[in-house]
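S.K.: Here you go, one structure.
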């Protein structure tokens, strides 16, 4: 019985199923001996959480419905990968990074489009060319500055992706007196936390001047963020179709 329980636990805690911190916690099953009869009996007191499906109440369907390469450890993982893009773990990691970054830009863009048009009355797709738009510099200056600054920031993110925490050094952050402000406080790719990236301490606390991550809060925020990010990307896609017809989001809402 002990050997059987050990085999079950080893299977549950394989690298495939336990790739995420929350999965490791959920699958951290414990065993306890039974005092009755002197016989050593073991019971599994924790089990793996069931995987969620992107098509509720549908069972089966093979890898189209329940891909074997998605174990549910990623935030917002509902098994949606009909093209099999995440079969390679390296590609899966990169696609999640890309989804996260694009989603964050989309959330910022959606807010900017609504606020910008509500403030100026100029459609978002005409704001750059409208003479009434508030712009202290020319379009060429804006484009050049953005290419230089964004190129620098994105190149650092690219390097950090392949060599984590390689950019938290003094020479990589020349305006900061300490590289600690830009270090990865959580140890998780894409979620650096810390005083600079989490100034409101939404996913951690400041103890004796040091940022300490709260991983329970972080997990909840990661799920909330990826859900809002996906909605924002869909919203931007709709905005593009509306712009092709000369419409704006506020106009479509009758505002």
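Any Cβ shown, glycine's included, is placed from N, Cα and C.
Feature table excerpt (TrEMBL):
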type: BINDING; residues: 99, 102, 225, 230; note: chlorophyll a binding site
type: BINDING; residues: 104; note: chlorophyll b binding site
type: TRANSMEM; residues: 105-122; note: transmembrane segment
type: TRANSMEM; residues: 134-153; note: transmembrane segment
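If you look at the structure here, what lies around each of the features I listed?
M.R.: Within 10 Å of the Cβ of residue 225 (chlorophyll a binding site) there are 18 other Cβ atoms, across all protein chains.
Annotation for residue 104 (chlorophyll b binding site): spatial neighbours 225, 229, criterion Cβ-Cβ under 8 Å with sequence separation of six or more.
Away from its own ends, the transmembrane segment (105-122) comes close to residues 130, 132-134, 228-229, 232-233, 235-236, 239, 248-250, 255 of its chain (Cβ-Cβ under 8 Å, at least six residues beyond either end).
Proximity of distant same-chain residues to the transmembrane segment (134-153), defined by a Cβ-Cβ separation under 8 Å and at least 6 residues beyond the stretch ends, is recorded for 120, 128.
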S.K.: State the count of C-beta atoms found within 10 angstroms of the C-beta of residue 230 (chlorophyll a binding site), not counting that atom itself.
M.R.: 15
S.K.: Which residues, same chain and not among 99, 102, 225, 230, have a CB within 8 angstroms of the centroid of the CB atoms at the recorded chlorophyll a site?
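M.R.: Neighbours found: 100, 101, 103, 104, 106, 226, 229, 232, 233.
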